[in-house]
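Trainee: TrEMBL feature annotations, pasted as is:
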type	residues	note
TRANSMEM	53-72	transmembrane segment
DOMAIN	54-406	domain 'Ammonium transporter AmtB-like'
TRANSMEM	79-96	transmembrane segment
TRANSMEM	116-135	transmembrane segment
TRANSMEM	142-164	transmembrane segment
TRANSMEM	170-191	transmembrane segment
TRANSMEM	203-223	transmembrane segment
TRANSMEM	243-263	transmembrane segment
TRANSMEM	270-288	transmembrane segment
TRANSMEM	384-405	transmembrane segment
REGION	429-448	region 'Disordered'
Amino acid sequence: MEQHASPPNGKAKEESNVVPLCRAKPSPSFINLQASSPPATFLNIQNTKLPSGFQDVHVMVFVGFGFLMAFLQRYGFSSLGFTFLLAAFALQWSTLVQGFLHSMHRGHIHVGVESMINADFCAGAVLISFGAVLGKTGPAQLLLMALLETVLFGINEFVLLSLLGVKDAGGSMTIHTFGAYFGLVLSRVLYRPQLEKSKHLQGSVYHSDLFAMIGTIFLWIFWPSFNSAPTTLGDGQHRTALNTYYSLTASTLGTFALSALVGEHGRLDMVHIQNAALAGGVVVGTAGEMMLTPFGALAAGFLAGTVSTLGYKFFTPILEAKFKVQDTCGVHNLHGMPGVLGALLGVLVAGLATHEAYGEGLDSVFPLVAAGQRTTTSQAMHQLFGLFVTLTFASVGGGLGGLLLRLPFLGSPPDPQCYEDQVYWEVPGEHEDEAQGPLRAEEPDTRA
C-alpha cells in the first residue's frame with residue numbers, strides 16, 4: 001500500500017483530488033516513502049494541516065455517534081467503547097475494501113484524504129447498524145457484523161456511484177438507508193422474545209440524556225461538513241453546505257413544535273430533540289449538491305423532522321409489536337425513513353435539472369447529463385433504481401449477518417443482562433452495588 005499524491009483512477013470523484021477540500025501549491029519538499037520508489041510515489045507535505053472537512057467528519061463518527069448512543073443508564077462504557085472499537089476496525093477494513101474497488105493502480109492501493117473520508121463514511125454506516133442492536137450484542141458479534149457490512153457497503157457504493165452514475169454525496173442512500181435497514185433486518189433476525197427481562201435497564205437517567213445531547217450538538221454542528229466533504233470544490237460544495245445548514249434548522253424547529261404537540265401536557269421529549277432534530281441532515285444527503293434552493297431545503301428539513309418525531313412517538317412501538325424488530329436507538333426514524341425521503345428528493349430534483357439552472361456547474365453535478373449521455377429523466381430513474389439496489393443489499397446483508405451472529409460461540413449477553421456494562425467491562429464499585437437491583441422500571445427508550 002502506498003501513499004500517492006495523485007493516483008490516476010478512482011471512483012465518482014477521482015482519487016486524483018486526494019485532498020478534495022483544499023488545493024496546495026506545488027512544493028519542492030517531499031518525503032520518499034520507499035527508497036526504491038520513483039518520484040511519482042512521493043508525498044507532498046507542504047500543507048501538513050488536514051482539511052477541516054475530514055476533521056469534522058472524523059469528530060462526527062467518534063464523538064457524535066458515540067455520545068448520541070450513550071443514553072442508556074448502564075451502558076455508557078459500551079456505547080462509547082464499542083463505537084470506538086467498531087469505527088477503528090471499519091476504517092482499516094474499509095480502506096482495503098474500497099481500495100480494491102476504487103483505488104487500485106499497478107498493484108497498489110492509493111490512499112489520501114479522500115479515501116480517509118470514504119472510510120469514515122463506511123464507519124458511519126456500521127455505527128448506524130450498531131444503533132439498531134445496541135445493548136443486545138457482544139463485541140465479537142459486532143466485529144463480525146462490521147466485517148460483513150463493510151464489504152457490502154463498499155460493493156453497494158461501487159455499484160451506485162461507479163456503475164449506475166448515481167449522485168449521493170451526503171449518503172442518504174449509501175450511508176443512512178443502507179446502515180439503517182441492514183441494522184433493522186439484523187435486529188429482526190436476532191429478535192429476543194424475552195427481552196422484557198432487562199426492561200428496567202432500557203431507560204435513561206438525567207445525566208445519560210445530557211451525554212446523548214452532547215452527541216446531538218456535535219452532529220448538528222458538523223453535518224454540513226459531513227455532506228459537503230466529498231463534493232466538488234466550488235459551487236457544489238458551497239451549495240451542499242448551505243442546503244444542509246437550512247435543512248437542519250428547519251428540522252430542529254419542526255421537531256420542537258411537534259414534540260410539544262404530541263407530548264403529554266405539551267412537554268418536550270428529549271428523545272425527539274436528540275434525534276429527530278438531526279433528520280434534516282439526513283434528508284438532503286443526496287440532493288444537497290443539487291439546485292434544491294434554500295426554500296426546498298427548509299421544506300425538506302421540516303418534513304424530515306416531522307416524520308422522524310412521529311416515528312419515535314408512534315411507529316417504533318408498532319415496529320416491535322407487529323414486526324418483531326427491536327430497534328434500540330430508533331435508527332429507522334432518524335436514518336431509515338429520512339434516508340429514503342432523501343433518496344426520493346434526489347429523484348425529484350434530478351428530474352427537474354436544466355442546463356439553464358446549473359450552467360457550467362451541470363458538469364460536476366450531473367456529468368453524464370452534461371455530456372449528453374443521459375437525459376435528466378434517465379438520471380432520475382437511475383437515482384430511483386439506486387435506492388432499490390441499496391435496500392436490496394441492506395436487507396440481504398442484514399439477514400445474512402443476523403444468521404452469522406446467531407452462532408453460539410460468538411457469545412451474546414443473556415436477556416436479563418442486556419444493556420448492562422458489567423457483562424464486558426470493569427466498572428466502578430458504586431455501579432456494581434447499584435446494579436444489584438433495577439434503577440427504574442420505565443418504558444424503554446428508542447432513539448438513534
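Just so it is clear, glycine is given a Cβ too, placed from its N, Cα and C backbone atoms.
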Trainee: At an 8 Å Cβ cut-off, counting only pairs 6 or more apart in sequence, do the transmembrane segment (270-288) and the transmembrane segment (170-191) clear the bar of 3 or more pairs?
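Mentor: Touching, yes - the transmembrane segment (270-288) and the transmembrane segment (170-191) meet the threshold of 3 or more Cβ pairs under 8 Å.
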Trainee: If you count every Cβ pair below 8 Å, which range out of 53-72, 79-96, 116-135, 142-164, 203-223 shares the most with the transmembrane segment (384-405)?
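Mentor: If we count Cβ pairs closer than 8 Å to the transmembrane segment (384-405), 142-164 scores highest.
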Trainee: Who are the chain neighbours of the transmembrane segment (170-191) in space, where the CB to CB distance is under 8 Å and they lie at least 6 residues beyond its ends?
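Mentor: Same-chain residues near the transmembrane segment (170-191) but 6 or more away: 121, 124-133, 136-137, 145, 149, 152-153, 156-157, 160-161, 226-228, 240, 244, 281-289, 323-328, 331-332, 334-336, 338-340, 342-343, 345-346, 386-387, 390-391, 393-395, 397-399, 401-403, 405-406, 412.
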Trainee: Tell me, please, if the transmembrane segment (53-72) and the transmembrane segment (142-164) are in contact, taking contact as 3+ Cβ pairs under 8 Å between residues separated by 6 or more positions?
Mentor: no
Trainee: Quickly jot the same-chain residues contacting the transmembrane segment (142-164) by Cβ under 8 Å, restricted to those at least six beyond its ends, or write none.
Mentor: 11-12, 82, 85-86, 89-90, 93-94, 97-98, 100-102, 122, 125-126, 129-130, 133, 173-174, 178-179, 182, 186, 382, 385-386, 389-390, 393-394, 397, 400-401, 404-405, 410
